[in-house]
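Colleague: Here it is: the structure, laid out below.
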């Protein structure tokens with residue numbers, strides 16, 4: 001009985017002890033909660049004070065944000081008003097522009113409140129603006145058939161100017177460059193409506209005024225780049241979301257994390273047993289000796305990249321199937337360049353000429369007035385369009401030649417390089433945009449056409465002149481003609497030297513012939529003989545020059561070798577490829593004595609410097625040599641004149 005009473009008392013005491021511990025834990029928990037509440041209230045009050053003062057000015061926003069608001073309420077609002085008058089796609093597009101400017105305004109508010117973050121975080125903060133810009137450009141692409149396509153293109157080409165906030169140290173010129181891109185399409189709008197509908201003229205003026213005022217705004221407030229706040233927290237996506245939702249101030253920082261709980265009670269005996277077991281297993285594996293390599297997988301020679309080059313071409317090394325590999329989301333994937341099949345077909349009312357390479361015999365026949373031609377990514381090719389067609393567009397082409405009869409609407413050249421165009425009939429308008437190197441030869445009927453260009457360089461407009469069309473001789477014909485002239489001159493040289501030997505009574509004919517005809521030098525050649533050989537070589541070069549000057553100038557532009565091969569030399573200031581192996585040469589007149597002398601001297605005395613200028617025809621257009629380009633001549637087929 002006494003033992004039972006003692007046990008009961010012990011249980012009661014233990015229960016009381018546990019109750020006391022529980023009360024102690026409750027007290028500690030209440031103190032921790034009270035401290036957390038006080039910390040949260042302090043941080044909330046400090047966040048409210050930050051909201052009230054921005055850049056040290058209580059209750060106001062940064063001056064450059066106010067200036068941007070004036071731009072929004074001024075030129076941007078005026079543009080929206082004129083866009084609503086035009087309605088349709090223009091109105092929808094203008095609303096997208098307004099949203100893009102609002103997104104930029106939010107970014108400026110963020111910059112006025114926060115310090116500049118890291119460069120990679122800036123790109124994340126700019127994402128809302130870039131999405132708005134992409135939306136505006138995609139709208140233009142989806143509405144290519146719109147009657148207001150020029151309006152949409154003007155906005156789409158220039159809206160990237162909103163990216164000035166990421167440009168330093170000169171964001172102002174970047175905006176001007178984007179404004180120039182819009183000018184190409186706004187000029188077309190003015191051309192179409194300046195005498196018929198002044199609403200479109202007002203729309204153009206209001207839109208261009210936006211970028212003019214934006215340049216002035218940048219020059220005043222952000223001359224060398226966007227101005228960030230020197231105080232406040234560092235900008236982050238969370239603070240950007242706060243600006244987008246509140247529109248004014250940043251949200252208070254989140255409360256601190258809760259205090260850590262008591263450490264877990266460890267079973268020291270169990271942990272000790274587990275540690276001993278793991279160490280035993282480790283030493284057992286190390287003591288296996290040679291058997292430790294049994295778990296390795298054998299790699300044969302056909303799986304080794306250093307012995308099998310084909311594996312390196314396929315991609316990264318093959319990984320073991322026993323290990324999983326997750327590619328990094330930030331690692332770029334090298335997608336192979338796609339090769340497209342060449343296209344030349346009529347699709348509905350549209351002729352598609354795409355991905356043509358080194359094709360100089362492309363021809364489109366049987367065209368109709370309602371058909372259009374779209375030429376895309378054609379390189380080193382020539383296309384001839386016969387008949388009358390509505391419009392022609394050349395897009396993303398290089399070293400491309402076009403010959404066409406008549407165009408009713410417009411000829412457009414966009415994003416191209418080294419383009420040559422021959423107009424055989426009539427074309428009312430030619431548009432050149434973002435093109436480097438465009439040569440256009442106009443016919444007499446197309447002299448009144450209107451040519452509009454923007455952001456292009458190296459443009460030449462050729463008008464009818466005293467020019468003619470010739471066939472370009474092949475390299476084989478040129479080489480054979482030079483060889484014929486060489487043997488003729490060598491025979492003349494040998495005849496003159498042998499005649500001198502006969503008159504001088506020289507007995508050692510072989511030695512004299514080797515020195516002065518073949519110009520061979522051996523170890524027995526004296527300095528006196530070498531000087532005589534140089535004098536003979538100089539006289540021979542002058543004789544060759546005289547031979548070519550007389551033939552090219554006085555014999556119809558052809559040496560005996562060129563005459564036998566049906567070739568001749570004519571003057572050439574400009575040459576335009578109008579068909580495969582056929583060029584239009586301007587002025588194509590007979591070669592003067594001065595031109596013939598310059599050509600002959602450069603050609604023959606370049607050999608004395610161990611550089612035969614004849615081989616330069618491999619590097620220039622229409623098989624012209626360096627001395628042809630300097631003298632302003634070209635070698636053509638005599639029977640190819642038209």
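Note that Cβ sites are derived from N, Cα and C of the backbone, with glycine treated the same way.
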Colleague: If you look at how TrEMBL annotates this chain, which of 514-534, 535-555, 556-576 comes out as transmembrane segment?
Modeller: 535-555
Colleague: Match it up for me: which of 176-226, 227-277, 380-430 does TrEMBL list as region 'Disordered'?
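Modeller: Based on what TrEMBL states, region 'Disordered' spans 227-277.
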Colleague: Of the ranges 114-159, 298-343, which one does TrEMBL list as region 'Disordered'?
Modeller: 298-343
Colleague: TrEMBL tags one of 600-620, 621-641 as transmembrane segment - which one?
Modeller: 600-620
Colleague: Which residues of the chain, 6 or more past the ends of the transmembrane segment (535-555), have a CB below 8 A from one of its CBs?
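Modeller: For the transmembrane segment (535-555), the far contacts come to 489, 492-493, 497, 516, 519, 563, 569, 591-593, 595-597, 599-601, 603-605, 607-608.
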